[in-house]
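What Swiss-Prot records for 1-101 is transit peptide, and it gives sequence analysis as the kind of evidence. Swiss-Prot lists 35-58 with the feature region 'Disordered'. Summarising the annotation, Swiss-Prot assigns disulfide bond to CYS111-CYS127, CYS126-CYS194 and lists similarity to another entry as the type of evidence. What Swiss-Prot records for HIS193, HIS214, HIS223 is Cu cation A binding site, and it gives similarity to another entry as the kind of evidence. Marked as Cu cation B binding site by Swiss-Prot on the basis of similarity to another entry: HIS354, HIS358, HIS388.
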Amino acid sequence: MATLSSPTIITTTSILLNNPFLPKTPQLSAHHHRGVRSVNGKVSCQTKNNNGNDENNQFQLIQNPNTNTPYLLDRRNILLGLGGMYAALGSEGANYYNTLAAPILPDVEKCTLSDALWDGSVGDHCCPPPFDLNITKDFEFKNYHNHVKKVRRPAHKAYEDQEWLNDYKRAIAIMKSLPMSDPRSHMQQARVHCAYCDGSYPVLGHNDTRLEVHASWLFPSFHRWYLYFYERILGKLINKPDFALPYWNWDHRDGMRIPEIFKEMDSPLFDPNRNTNHLDKMMNLSFVSDEEGSDVNEDDQYEENILLMRKAMVYPSVSDDPNKAELFLGSPYRAGDKMEGDVSGAGILERMPHNSVHVWTRSNTIKGNQDMGAFWSAGRDPLFYCHHSNVDRMWSLWTDVLHGGNFPKTPEYDDYRNAYFYFYDENANPVRVYVRDSFDTERLGYKYEDQELPWMSITQQQQQQQRQQQRQPLLGGRLKTRTFSLVKKVLTELKVMLPLPLKYSVIKTKVDRPKKSRTKEDKLEHEEVLVINFKLGKSKDFIKFDVYINDGTDYKPEDKTKINLEYAGSFTSLTHGGGGGGGDMSHMAEEDMGKNTVLKLALNQLLEDLDATDDDSIQVTIVPKSGTDSIVITGIDIE
């Protein structure tokens with residue numbers, strides 16, 4: 001690893017299982033809550049095995065004999081005898097993790113109230129109706145088989161099938177009319193997202209750690225399952241089991257607007273808590289606020305949108321690096337990790353354009369970033385599910401179309417595969433679903449209608465032309481035209497000392513590369529990754545900063561994000577609610593309020609585009625855009 005010299009470098013990727021997993025006394029205590037049982041020493045759930053037989057699934061506490069650290073294990077994940085298990089405790093790598101599998105498990109018996117808004121003016125809680133774990137069944141494909149494969153189609157083509165559109169409106173209307181006691185009702189479905197995304201559930205065995213499915217490798221799978229059951233509920237309500245959700249096709253020019261079917265004010269698909277300035281406007285997939293870039297014409301905006309999509313989808317897919325799945329899907333998140341400090345960060349799929357679309361859609365007049373701009377309220381807008389249908393489509397495209405190589409499509413750790421969530425199905429029955437069963441949309445019974453992918457066909461010549469049009473570096477106080485080689489030479493001479501606050505100033509610094517002039521084989525096997533470590537404090541605003549490589553532009557925070565050839569990516573984060581019970585954050589340590597976070601960006605293809613593969617170093621530019629007052633950059637490395 002090449003490291004930028006810094007007095008303080010904070011490493012944030014804590015994937016080793018060396019955190020205190022449980023109190024030193026190996027005893028769990030679940031207090032009597034909402035009529036469910038109390039347990040000590042083990043957590044027992046009655047489930048069904050693959051043959052439909054009852055199975056007493058017990059989580060047991062054991063200790064690593066090398067470290068005396070206790071771990072919570074699911075017996076079904078241990079395929080070794082007792083002697084083999086203890087021998088494996090001293091091993092390293094994936095076998096170590098898989099033997100001591102520590103997946104994230106929600107403690108749904110302890111759902112807590114939360115303040116929805118930061119100032120507490122609107123109180124709400126995120127707890128769906130409680131259920132008895134003793135009667136909860138595990139998901140089995142045979143019990144949710146579809147006789148006809150569902151086809152999700154672009155929302156902007158909805159008027160071509162009036163029968164389907166009428167069914168969609170009727171299903172949403174019925175869902176909204178269901179009583180709050182029904183877990184399938186519109187508000188209760190929205191609360192599912194709030195509960196898993198705003199810290200209402202503690203992690204099983206870790207009462208001081210709140211579960212959060214964003215900013216980790218859980219993000220894609222959770223939302224796929226969420227839409228899966230939401231879609232089945234809608235079909236059940238109108239007695240059409242083959243009903244399929246639409247997808248908001250924001251990666252295609254025809255879909256880069258809020259779909260018309262969601263703008264009819266008398267429709268159940270309408271939500272008043274949207275940005276009224278954007279109802280008929282082409283989307284900006286790198287959006288921050290209406291104040292920046294309002295004068296950009298549609299053709300230029302479209303070109304930037306598809307270049308952003310290419311950088312988000314194609315650039316991370318050009319090598320066979322075994323860690324590629326985590327780079328795209330999100331960083332590891334294991335039991336014992338605290339989202340306030342141990343979880344590294346969101347994957348490419350979540351950061352852009354997912355987060356920007358949320359912010360583009362949220363209300364511009366109502367406080368609290370409602371509805372789409374905050375985790376606690378996003379599920380209240382029917383457009384949310386259409387948006388996430390396209391996010392899910394991006395995952396499918398990355399897996400089935402862009403994959404093409406030998407790297408794993410998903411992380412291979414049992415910590416990831418054996419994590420689970422609870423949902424209500426179309427019959428209002430609770431069901432437990434595992435991450436490992438979410439990978440194949442064909443088995444889940446749905447697919448996406450094919451649509452042109454304009455971001456797949458951008459040519460090198462088009463990118464070079466865009467670079468020439470956009471390059472106007474400000475050097476020596478005067479605007480001059482420079483050749484790319486001269487600009488690169490000047491830029492890479494500067495190096496800054498960290499840590500540095502990002503509050504209002506742009507950070508430009510030289511970063512040494514660990515290896516230059518890499519062979520084709522080396523680049524195929526290993527992705528060069530830019531790693532930006534930073535402290536992230538609380539913010540009431542959408543958080544965003546942009547990153548550029550070898551760019552001579554004199555950027556200012558108020559400038560519109562320029563999606564040019566040098567653009568490497570952005571860090572983004574939506575607004576959270578209070579969590580933790582009435583906004584009580586006492587379960588968090590003081591030092592955790594500024595959490596260690598990391599942004600990882602793929603460099604292989606970008607360095608090729610910039611003719612920088614033979615350089616000893618690169619220049620990194622970090623531009624604050626929104627909510628960065630509490631961000632401190634602590635380290636910039638290449639690995």
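Heads up, the Cβ atoms here are built off N, Cα and C, so glycines get one too.
Everything Swiss-Prot records as a feature, shown here on the structure.
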{"residue": "CYS111", "record": "disulfide bond", "DSSP (3 states)": "coil"}
{"residue": "CYS126", "record": "disulfide bond", "DSSP (3 states)": "coil"}
{"residue": "HIS193", "record": "Cu cation A binding site", "DSSP (3 states)": "helix"}
{"residue": "HIS214", "record": "Cu cation A binding site", "DSSP (3 states)": "coil"}
{"residue": "HIS223", "record": "Cu cation A binding site", "DSSP (3 states)": "helix"}
{"residue": "HIS354", "record": "Cu cation B binding site", "DSSP (3 states)": "helix"}
{"residue": "HIS388", "record": "Cu cation B binding site", "DSSP (3 states)": "helix"}
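Nearest neighbour of CYS194 (disulfide bond) by Cα distance, taken over the recorded positions CYS111, CYS127, HIS214, HIS223, HIS388: CYS127. Taking the mean position of the Cβ atoms of HIS193, HIS214, HIS223 as the Cu cation A site, the remaining residues of that chain whose Cβ falls within 8 Å of it are TYR196, CYS197, VAL213, PHE219, PHE222, TYR226, PHE375, ALA378, HIS388. Taking the centroid of the Cβ atoms of HIS354, HIS358, HIS388 as the Cu cation B site, the other same-chain residues with Cβ within 8 Å of it are GLU350, ASN355, VAL357, MET372, ALA378, PHE384, HIS387, VAL391. If you take the Cα of HIS358 (Cu cation B binding site) and the Cα of HIS214 (Cu cation A binding site), they are about 14 angstrom apart, rounded to a whole number. Around HIS358 (Cu cation B binding site), taking its Cβ as the centre, 25 other Cβ atoms fall within 10 Å, counting all chains. The recorded positions recorded for this entry are CYS111, CYS126, CYS127, HIS388, and the Cα of HIS388 lies nearest to that of HIS223 (Cu cation A binding site). Long-range C-beta contacts of HIS388 (Cu cation B binding site), restricted to its own chain and to partners at least six residues apart, with a cutoff below 8 Å, comprise HIS223, TYR226, LEU227. CYS126 (disulfide bond) sits 8 Å from HIS193 (Cu cation A binding site), counting Cα to Cα. Per Cα geometry, HIS354 is the residue among the recorded positions CYS111, CYS127, HIS354 nearest to HIS214 (Cu cation A binding site). On the backbone, the CA of CYS127 (disulfide bond) and the CA of HIS354 (Cu cation B binding site) stand 25 Å apart.
Rounded to the nearest whole angstrom, the C-alpha distance between HIS354 (Cu cation B binding site) and CYS111 (disulfide bond) is 27.
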